[in-house]
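Asks: Pulled the feature table from Swiss-Prot, pasting it below:
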- 193: active site, proton acceptor (ACT_SITE)
- 44, 45, 46, 47, 48, 49, 50, 51, 52, 67: ATP binding site (BINDING)
- 8-17: compositional bias 'Low complexity' (COMPBIAS)
- 38-386: domain 'Protein kinase' (DOMAIN)
- 1-24: region 'Disordered' (REGION)
């Protein structure tokens with residue numbers, strides 16, 4: 001019989017079990033003492049995975065950059081990046097992401113999705129730099145140490161208000177996002193949560209030494225990095241697919257309509273949504289819930305079902321702006337819904353300026369109903385808008401079409417003879433997710449911005465849910481570098497729906513609450529002034545279409561803090577294609593997290609629907625009573641989920 005050991009945490013005083021394999025930690029995730037290596041300055045945010053803390057390294061960061069023998073070919077292998085983020089590296093400033101849940105064994109941490117991604121993806125200039133990954137030897141929590149960026153893209157846009165990006169800056173920002181996304185896709189992963197909050201930005205003058213910038217001739221005003229790889233998935237992973245990945249506003253039709261399979265095209269859809277939002281400082285599809293999300297897409301892209309399928313139409317017209325999707329009719333029928341006929345609006349109306357005609361073509365290639373019709377990241381890089389940008393200069397390898405990705409998923413080698421398109425079809429839907437609620441790790445409330453399961457209707461994040469969201473099974477078909485990271489634990493837990501982000505719960509983080517009194521760190525604290533802690537309030541008006549471009553006054557959403565002049569490199573530009581007076585992203589968290597799609601009856605799901613949803617959107621047999629949508633502000637609940645590294 002194995003003796004069960006326990007010890008007392010020095011930070012919280014509580015007892016916890018010592019992992020049975022404490023004497024045999026994974027080679028890729030060693031045991032180290034957090035308090036010996038880093039001084040914790042302040043907590044920046046928290047989410048379902050854990051919390052992010054600003055910290056100062058108590059050793060030169062150059063000691064670990066690219067010098068660890070077991071990290072070659074991973075996101076930690078960055079020996080040539082000494083000039084990047086020079087100021088914060090010199091000061092030893094880092095961001096530490098701490099996993100909130102403790103797993104049974106140390107080897108189990110190698111199954112965490114973000115760890116698998118870090119160990120499988122080579123470093124790239126447009127992905128957040130990872131310094132080290134380790135397990136704290138005092139309380140056995142997982143820590144991911146990464147570079148600290150100034151703010152995320154949403155915060156930058158909100159600070160700028162009416163000052164939209166100039167065309168060169170816009171092109172630079174989007175090309176860097178696309179370059180990072182292309183790098184992920186080339187290595188057969190897809191991000192699954194691309195949104196402005198997960199795109200980090202720092203002015204280039206604060207990121208590089210001036211001498212180095214002049215030496216390499218760096219012209220871009222900003223440095224852009226993709227972050228938060230907790231939902232990243234390998235294309236050959238055949239475990240059941242989660243229905244609630246991605247953030248609702250950037251969620252693709254195949255996810256909204258429960259197609260049963262998705263891959264890289266969902267990132268392309270999200271990129272198209274982000275591209276429009278970064279251009280006009282207004283979310284493209286700000287749905288209040290999933291039904292409203294589908295309706296907002298219909299208003300712009302039109303109905304993807306051929307008009308001959310509708311009773312009162314008997315003449316054929318041109319395809320809708322978003323194209324046709326043969327699977328759509330079957331998918332909505334299985335959800336007990338029906339789509340009204342909507343012609344849609346030309347995508348050219350979204351970006352009407354002649355200066356943005358090339359970008360408009362990019363968006364059209366991204367926002368297609370049928371995932372197989374969307375461009376690949378490589379194809380987007382080759383479009384005129386990205387000519388002579390970093391997106392067009394990256395390595396051209398890994399140019400695989402979406403059809404070939406589906407063939408790979410089906411276990412078929414994509415050779416030249418396989419020319420028949422493989423479609424996303426709900427008839428191949430994978431088995432329903434396993435339901436398990438045995439172990440409850442905390443009494444955490446959920447954020448208001450994500451969907452909860454209609455069948456479980458839980459208010460707690462269980463350990464099983466956490467493992468399903470962030471920890472993969474061991475039977476993945478893709479390989480991870482052989483650095484002793486394979487877990488010896490095997491289970492049959494299927495991947496279930498993505499739970500809502502829990503509120504900031506510092507007790508679960510179990511990080512030492514150390515006060516750093518060193519006055520030399522005042523410049524470090526200054527770095528956090530630009531990282532805005534955003535109130536997760538509910539939006540007060542969601543009834544306007546994006547392309548009306550008349551944004552109601554929402555002063556109550558604006559933070560009472562000075563504008564960050566250092567984050568604004570461009571001149572005060574107000575371009576003719578935008579006339580908004582304030583950028584109010586109306587974050588997804590400002591809305592009620594009503595889940596109105598799924599296996600359960602939809603009858604009671606529309607109680608919080610706005611009045612403008614058309615009546616014929618619902619099958620007549622369903623319950624039609626709906627309460628009027630009464631948005632309200634909630635100042636009592638402050639969340640920190642938008643601060644992402």
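Backbone N, Cα and C atoms are what each Cβ position is placed from, and that goes for glycine too.
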Asks: For residue 52 (ATP binding site) and the residue listed as 'active site, proton acceptor', what Cα-Cα distance in Å is obtained after rounding to a whole number?
Replies: 18
Asks: What is the pLDDT of the domain 'Protein kinase' (38-386) when averaged and given as a whole number?
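Replies: When the pLDDT values over the domain 'Protein kinase' (38-386) are averaged, the result is 89.
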Asks: How many Å separate the Cα atoms of residue 46 (ATP binding site) and the residue listed as 'active site, proton acceptor'?
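Replies: Residue 46 (ATP binding site) to the residue listed as 'active site, proton acceptor', Cα-Cα distance: 16 Å.
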Asks: Within 10 Å of the Cβ of residue 52 (ATP binding site), how many other Cβ atoms are there?
Replies: 26
Asks: According to DSSP, does residue 193 (active site, proton acceptor) fall in a helix, a strand, or coil?
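Replies: Its secondary structure by DSSP: coil.
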Asks: Please report the distance from the Cα of residue 44 (ATP binding site) to the Cα of residue 193 (active site, proton acceptor), rounded to the nearest angstrom.
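Replies: Between the Cα atoms of residue 44 (ATP binding site) and residue 193 (active site, proton acceptor), the distance comes to 20 Å.
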Asks: Taking 10 A as the limit, how many CB atoms besides its own sit near the CB of residue 48 (ATP binding site)?
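Replies: Taking all protein chains shown, residue 48 (ATP binding site) has 22 Cβ neighbours within 10 Å.
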Asks: Just checking, which of 44, 46 (binding-site residues) has the fewest C-beta atoms within 10 Å of its C-beta?
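Replies: Selected from the binding-site residues 44, 46 on minimum Cβ neighbours within 10 Å: 44.
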